[in-house]
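Trainee: Grabbed the feature section from Swiss-Prot, which reads as follows:
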DOMAIN    1-191  domain 'RNase H type-2'
BINDING   Asp7, Glu8, Asp98  divalent metal cation binding site
Amino acid sequence: MIVAGVDEAGRGPLFGPVVAAAVILNEEIDGLDDSKKLTSRKREKLFLEIIKKSYFAISIATADEIDKFNILHATEIAMDRALERLRKKINFDIAFVDGKNLNLKFPFKCIVKGDSLVKEISAASILAKVVRDRIIVSYAKKFSSYMLEKHKGYPTQLHLKLIKEHGLTPLHRLTYKPVMELLSITQLEEWYKSGMIDEERYKKIISKMEVPLFGIQDTR
């Protein structure tokens, strides 16, 4: 039986995408574990070994999709995308997925703490974590005020302090409570009118803020 391991990185941050990876190992790799238990240096070393010794695919769901569909469904979307890409390279019988209460389009089994128990999931967790960190660091120059390279978008005291000082961006997850508490209607309207966020996302955020829609007829 060919098993693909699937995991995500980035459900908790306030900024940027959630990243999912799917992995089928071709060779044994020593030192695989939940990416959160490994140092950055160890993750990077294992990352290079995994991509040499496996079939893999990586995908994301954006902050826009997280706001529209919620983080659980956005995670499922990212995982399905990764599995779809992987299946184009090699067929598999089942996907073992870290976590619980997920619903994917492919045959799958959820395994609680799977990133520590199943080597394929451990490998996927490492790929997802390394790629997500690289994505966030790539934004650091454009959004230098937020010091993304230090906290990777997570809700640290530093990140929240910098949001209060410099405001938000459309790449922040605007439906997350710590972010929404700092989001002004004026800013949201400016992004919508300038095309930086679309109508669907605008409506979703407004509905969670429990304020009237500005200039938009709700057709639901």
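The first residue you see is number 1, and the count goes up from there.
Keep in mind that glycine also has a Cβ here, set from the backbone N, Cα and C atoms.
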Trainee: Using the Cβ centroid of Asp7, Glu8, Asp98 as the reference point for the divalent metal cation site, which residues of the same chain not in that list have Cβ within 8 Å?
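Mentor: Checked against the 8 Å cutoff, the neighbours are Val6, Ala9, Ala20, Ala21, Met79, Val97, Gly99, Gly114, Asp115, Ile121, Ala124, Ser125, Ala128.
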Trainee: Return the count of C-beta atoms lying within 10 angstroms of the C-beta of Asp7 (divalent metal cation binding site), excluding that atom itself.
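Mentor: Total other Cβ atoms inside 10 Å, all chains included: 31.
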Trainee: Just name the winner among Glu8, Asp98 (the binding-site residues) by count of other CB atoms within 10 A of its CB.
Mentor: Glu8
